[in-house]
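*Asks:* Right, I'll just put the structure down here and ask away after.
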Amino acid sequence: MQSKSIKIQGARTHNLKDIDIDIPKNKLVVLTGLSGSGKSSLAFDTIYAEGQRRYVESLSSYARQFLGQMDKPDVDVIEGLSPAISIDQKTTSKNPRSTVGTVTEIYDYLRLLYARVGRPTCPNHGIEISSQTVQQMVDRILEYPERTKLQILAPVVSGRKGEHVKILENLKQEGYVRIRVDNEMREVTDDIQLEKNKKHSIEVVIDRIVVKDGVASRLSDSIETALKLGEGNIIVDVIGEEELTFSENHACPICGFSIGELEPRLFSFNSPFGACPSCDGLGTKLEVDIDLVIPDWEKTLNENAIAPWEPISSQYYPQLLKSVCNHFGIDMDIPVKEIPQQQMDIILQGSGKEKIKFEYENDFGSIRRSEAPFEGVLKNVARRYRETSSDFIRETLEKYMAQKNCPTCKGHRLKKEALAVLINGKHISNVTDYSIVESIQLFQQLDLTEKEQQIARLILKEIDNRLEFLNNVGLDYLTLSRTAGTLSGGEAQRIRLATQIGSALTGVLYVLDEPSIGLHQRDNDRLIDTLKRMRDLDNTLIVVEHDEDTMLAADWLVDIGPGAGEHGGEIVASDTPQNVMKNEQSLTGKYLSGKEFIPLPTKRRKPNKRKIEVMGASENNLKNVSAKIPIGLMTVVTGVSGSGKSTLVNEIVYKSLAKSLYKGKVKPGKHKKIKGIEHIDKVIDIDQSPIGRTPRSNPATYTGVFDDIRDVFAQTNEAKVRGYKKGRFSFNVKGGRCEACRGDGILKIEMHFLPDVYVPCEVCHGARYNRETLEVKYKGKNISEVLELRIEEALEFFSAIPKIKRKLQTVYDVGLGYIRLGQPATTLSGGEAQRVKLASELHKRSTGKSFYILDEPTTGLHVDDIRRLLSVLQRIADNGDSVLIIEHNLDVIKSADHIIDLGPEGGDRGGQIIATGTPEQIAEQQDVSYTGKYLSPVLDRDKQRMEETLEAKTVSRS
């Protein structure tokens, strides 16, 4: 009998404390809890990992070696598991060949559609290319009314230069009488002189016919003769009316442009049969970018305005440039922007064939003279990039290059033959450039013949279904041609969700990781409906989620806690959402029921005169937007998914500030101007990328506190007696570390058909250091034991050393008291990594001129974590520094001093600023702002809660 639940006993993965739990099957189950409490350990590292492992175990050992090994999770028993599919945010392809269309398989169906009902059309003449039989040609001609006069012509020369004497002579010998030369009727016996260097057309008159009964067989004979002479092409000249062209070849009857047999691979940009030969189907080419070559047009040539020719290791290029400027009389002491265009063209594009006398003196004083044309800066960079075999030089030159649309295919990725196949006047790449919403309308309004409809019916059904699913998960603004690498984690996850629904599997266990990331409240209901639809197909959904709406919509809610890290890993509540709300032990329940909440700020900071002003932003879908970001405030940029928030903040504001402050080689998105940079001296982008990619990186090394701890150990009497400096206490360099494991503390043993086994080092037993180093102790602990301390314990341990205490205090303040000093960076979640970065910035002295940028910082955070994060961000703003956040979370939005709301919709229908002001001002603009619509009830609710809390406190005091 099929079990009704997934039974887990004795789960101990990571921080899970030997837990037992029953998870109901065929239900929407939400796992929640503080960041680091063990949600992912239970969902992904235990349940999914075991489901996946059991499937792989069923394969032969030969097949298993190709699949990579699955570790067996640390759990006693899991019963009732179904085949498991995980949809997380990390596994999206960054391959430039991957697009929304290919990931969702819609593009595969589109290729099939174009191969079956597409109409090849000559790109030069706009004529539909089709091969016809003689019978079809006769039938078409006989459609004309009786007494219609026409003549049948065989084209022997079509738009070719020459005198064509031989051809005319042959026609005379073969007995033909009339010909048409360049649209003029002539006799073959005439003296026809053609100009050698002009293009000519010659057609032979095969027959003159009047349409009447019984003419069909004569017409048929004449057409056959004409086809033979015209190599498969004929022209029917209807006297006084139109001209018809027929072809029995699959080619344009005028210019001969032909397409082979239509097959799906012709439309694939990942196949040599369909890909543009110039860019190999990528649609873009790496070209030298003038804005990166000359980043600052205010500089002069003598001030090294040309970045790739800066004299870093040699004076060769500056001397070459000087010779060019001397030859053409170019002033090297005026700003580059003032150099006349003609002279600038010589510097950038070269001198053509004109030779220049060039003199070069090397570092040893010897002089070399030569005379040669000047190739130009842009061609020089491109040539060196092409010809070098050095990875270092290639990487250096890449900084001056950018991806630009391929000039051959104009960014469409396909060869011209594929782009010549049309349906309703559009080629396949035109269709993929439509947004999902526009595509749905396009396919509903396709104008197909009855035969084409029959062929395309099933293909269109599949395409419509998949487009509808994408629309339902709030991705209506994406285009099918969008590359997968440019999608946010939430978008990529929802695309894969839509693909899974399209497959309509049943009896599957889906494990999802925060599918609501990057989704505006407006689209949340659609996502929840999608999840319920998957559940209704008899699937079990285990969703790791912090979103209130999703938790309340769940059939079953599991709260893991009570704290995070060492303080978590237990099941606090496992029940229906309604019962969890009544559970006094559950922190999540308290927030859901409103007993706990994030209060509104008692007062909001007022903007002063200082601001960063972006003018004329028009990158991606931004429509010439001008935005003002006040300095010293907490500003939140809001708007529905795809409205242009990331483009404005990450592509324009961050890159412009980084380029200006750090002379970075990044190219900001399109905008006219940015003002107010003088108000800041550093810009910090705090994202959720890992703080280090190896286990050697940890919170202690990242925040810099490990340096101070090593100083403390080096100052101990024992260390001084032994002559140990601080380097002795590093596990990254020889000296103090254990050389058997090179300071890793563990050894990896490869077990080909089984998972790799990691065992503690036999010499140091996981301590990372050699015996002599471990003999040095501070307050009874050696350096290895100190790295094992949790942040909260380390705070107590180093309370007498202000320098260390200050750095650790900030890590504790952002809610990471539970992580260990030496915890490998690879084991930290995205939210934890982001907070370590925040903490390492916080302990630095504030100048009031720092500008912090955070893109969806609430990802992976519980409401209680968000509360802590907000108090840290408010602290930054209290110091006079500026905070700019992209966010959908209403708790963050309601805490802002200033909001910039983009919209009104996503994609092409977005890209405008529709409202700015305080949260209260945005809430009043519900008619134009979706954010205002959802923010208004939250503000009212929290004001009421704050009043009730105040009353309760007053009553309890009295």
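Just so you know, glycine gets a Cβ as well, placed from its N, Cα and C.
Feature annotation from Swiss-Prot assigns ATP 1 binding site to Gly33, Leu34, Ser35, Gly36, Ser37, Gly38, Lys39, Ser40; the stated evidence is sequence analysis. The feature ATP 2 binding site is assigned by Swiss-Prot to Gly639, Val640, Ser641, Gly642, Ser643, Gly644, Lys645, Ser646. For 1-232, the entry in Swiss-Prot reads domain 'ABC transporter 1', with the evidence type sequence analysis. Look at Swiss-Prot and you will find 315-593 tagged as domain 'ABC transporter 2'. The feature domain 'ABC transporter 3' is assigned by Swiss-Prot to 604-935. Taken from Swiss-Prot, the feature zinc finger applies to 252-279, 738-764, supported by sequence analysis.
Quick one: how deep are these features, and who are their neighbours?
*Replies:* With a cut-off of 8 Å between CB atoms and residues at least 6 apart in sequence, the same chain places Leu31, Thr32, Gly33, Val544, Ile560 near Lys39 (ATP 1 binding site), listed in sequence order.
DSSP assigns Gly644 (ATP 2 binding site) to coil in the three-state reduction, outside any helix or strand.
The average pLDDT computed over the domain 'ABC transporter 3' (604-935) stands at 92.
Counting only same-chain residues 6+ beyond the ends of the zinc finger (252-279), those with a CB under 8 A from a CB of the stretch are 97, 102, 108, 110-112, 114-116, 118, 120, 122-125, 127, 129, 155, 158-159, 233-235, 245-246, 285, 406-409, 412-415, 417-418, 420-421, 428.
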*Asks:* Distance between Ser35 (ATP 1 binding site) and Val640 (ATP 2 binding site) at the Cα atoms, whole Å?
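*Replies:* On Cα coordinates alone, these residues lie 25 Å apart.
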*Asks:* Please list the DSSP helix, strand and coil residue counts for the zinc finger (252-279).
*Replies:* 4 helix, 2 strand, 22 coil
*Asks:* Using a 10 Å radius around its CB, how many other CB atoms surround Gly38 (ATP 1 binding site)?
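*Replies:* I count 27 other Cβ atoms within 10 Å of it.
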*Asks:* Hey, does DSSP put Gly36 (ATP 1 binding site) in a helix, a strand, or just coil?
*Replies:* coil
*Asks:* Tell me the Cβ contacts of Gly644 (ATP 2 binding site) under 8 Å, same chain only and six or more apart in sequence, or just say none.
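*Replies:* Expected: Asn620, Asn621, Leu622, Val625, Leu902, Gly910, Gly911.
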*Asks:* Roughly how many Å lie between the Cα atoms of Gly36 (ATP 1 binding site) and Ser641 (ATP 2 binding site), rounded to a whole value?
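*Replies:* Cα of Gly36 (ATP 1 binding site) to Cα of Ser641 (ATP 2 binding site) measures 27 Å after rounding.
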*Asks:* Cα-Cα separation of Ser37 (ATP 1 binding site) and Ser641 (ATP 2 binding site), in Å?
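*Replies:* Spelling it out, the Cα of Ser37 (ATP 1 binding site) and the Cα of Ser641 (ATP 2 binding site) are 29 Å apart.
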*Asks:* Run through the Cβ atoms and count how many others sit within 10 Å of the one on Ser40 (ATP 1 binding site).
*Replies:* 23
*Asks:* Which residues, same chain and not among Gly33, Leu34, Ser35, Gly36, Ser37, Gly38, Lys39, Ser40, have a CB within 8 angstroms of the centroid of the CB atoms at the recorded ATP 1 site?
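*Replies:* Near the ATP 1 site, beyond Gly33, Leu34, Ser35, Gly36, Ser37, Gly38, Lys39, Ser40, sit Ser41, Ile560, Gly561, Ala564, Gly568, Ser829, His862.
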